[in-house]
Amino acid sequence: MTAPHIFFKWVPEWLRIPLLFVLYFVSLGFNGVYIGNTSEVFSGLGVYIEPYFAAYNAIYIGMGIGFMIHGRLGARFSVKEMLLMGFIVQLLTNIICGISPYPEVTMLSCLILGFGKAAAVKEFFAAWVLVWHGKGDRVVAYPFVFAFALSGSFFISWWMTSLAYMYNWSYAYVYIIMGLLASLLLVVIFVEDQPLRRKIPLYQMDWTGILLMTGFFMLISYVSTYGQVEDWFNSSSICIATSLIPVTGFAFLLREATVKRPVFDLSFFRVKQFIPGLLLLMIAGLYIPTSIQLLFSQKALKFELLRSYELNLYMIPGFIAGAVSAHMWYKYRRTHHVLIYAGMSAFILYNILLYQTVTSSNGTQDFWLPGIIRGFGMVLIFISLGLYTTEVFGKEVSIKATGMMLIVRSFVSRSIAQGVLNYMLYAGSVKHLVRQANGIDITDRNRWQAGHHPQDYLSFIQQQAYLAATKELTGIIVIIGVSTMLVLALIHIVAKKTPAAEQPA
């Protein structure tokens, strides 16, 4: 392993890899909003939790669009300037998120943070690709980079939750700011400034297209996040936002089709594997959210939030195992399809295990095996679908396709799936609660002979209702997963048997 030459020549080789590791970890893992401590934030500020979910979505919207414009920014600024810009933006926006009592300000800060994060992450990703493969083959490096990203993300989320519980949610940002300041100092000291031979001015950037794309995805985020709170289409604001989504989407497509230098080239949608890859990522979004396990551990098992987020750490060994498996698979240039099926199978197995172990007596020791299997499946799906979707693009063009893939994978599919799953859990628990309540005669004295208080019994039937709803939902997810795999297998078999000349272009 040899670190790329982004550092000064006087920096020893043994120090370059650890520096790259620390800087990449900070740039990728430090966000403005952390789902684990949002309960402390909204309870401390006395506001709704939905703006912080929307702020979390805004990070990936900004990051995806930042990837799309990175090629233009990279032609104007050097690597060191991009890294400094990325860390400075992350530092300032994290300070705002840590002190602002206004959720709207936090949401806007997270959107800007995503743009800054993309500037730093892209440069470090390119450096890591060269570390793993001297010729820059991202197929070899992708498994390890992705496992590192997922492991760091879940670890940081748990760490921020623990800091919020031990101290205060705002104090947790002190550690984030200290880490960003240290990283900024490391970039200033160790990264060499390599000026560009020719700088392309930014006035040719399609700023209108950037604003239209940002507005389009932020409107989707608003509707998916606030829909349940605002009572969906009984709310005038939801109706207005919903009607503006196709308007901004059409305006963006029209703009990109006519402008000379578009933010996102619409010809990508004519590439054979791009749309199927995005659709598969949308389907995989059904298995990405941790809301079922999180809500089950809190509402049924009565775990505190910190303990619930500790369960996600069981996925880290699965991430590592999946990354090693994917690396060995791609080392011999095998097809993506087997890894896609393996990842889907792991997700289905995870839900089967969750279905069988959903009881009121579960402890943390019952989640280690499902967690490892879920982590294994998640990293396989992300790696295989990521490479499947973008492998046909050139090195310079693939970053734009990666930006759209990131938005679909980390925002659109996850937020839609999470909203649907949360609603189904809520509706299912209410349905089962009504069924159990109809069979109870609370005036029957024989029911309370054991000395239990009526309120304890009511809590018990609420717990049983949530257990039944969780079992029902995991069963539905298993059926959908098996059906999806059968359809994909059928499509693959038909495509194999169809002669190449008969297949549509």
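Counting starts with 1 at the first residue shown.
Glycine too: its Cβ is placed from the backbone N, Cα and C atoms.
What TrEMBL annotates here:
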type     : residues : note
TRANSMEM : 14-33    : transmembrane segment
TRANSMEM : 53-70    : transmembrane segment
TRANSMEM : 82-102   : transmembrane segment
TRANSMEM : 108-132  : transmembrane segment
TRANSMEM : 139-160  : transmembrane segment
TRANSMEM : 203-223  : transmembrane segment
TRANSMEM : 235-254  : transmembrane segment
TRANSMEM : 274-296  : transmembrane segment
TRANSMEM : 311-330  : transmembrane segment
TRANSMEM : 337-355  : transmembrane segment
TRANSMEM : 367-388  : transmembrane segment
TRANSMEM : 473-495  : transmembrane segment
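Within the chain carrying the transmembrane segment (53-70), a Cβ under 8 angstroms from the stretch's Cβ atoms is held by residues 31-33, 35, 38, 97, 103, 106-119, 121-122, 205, 210, 213-214, 217-218, 221-222, 224-226, 263-264, 399-400, 402-404, 406-407, 410-411, 415, all 6 or more beyond its ends. Packing against the transmembrane segment (311-330) from elsewhere in the chain are residues 139-140, 142-144, 146-147, 150-151, 154-155, 157-158, 290, 293, 297, 338-339, 342-343, 364, 367-368, 370-380, 383-384, 387: each is 6 or more residues past its ends and has a CB under 8 Å from a CB in it. Looking at 82-102, 108-132, 139-160, 367-388, 473-495, the range that has the most CB pairs within less than 8 A of the transmembrane segment (14-33) turns out to be 108-132. Counting Cβ pairs under 8 Å to the transmembrane segment (139-160), the stretch among 82-102, 367-388, 473-495 with the most such contacts is 367-388. Beyond the transmembrane segment (473-495), the same-chain residues lying 6 or more positions past its ends with a Cβ under 8 Å from any Cβ of the stretch are 280, 283, 286-287, 292, 337, 340-341, 344-345, 347-348, 351-352, 354-355, 358, 421, 424-425, 428, 503. For the transmembrane segment (203-223), same-chain residues at least 6 beyond its ends with a Cβ under 8 Å from one of its own Cβ atoms are 54, 57-58, 61-62, 65, 69, 72, 111, 238, 241-242, 244-245, 248-249, 251-252, 255-256, 259, 261-264, 407, 411-412, 415.
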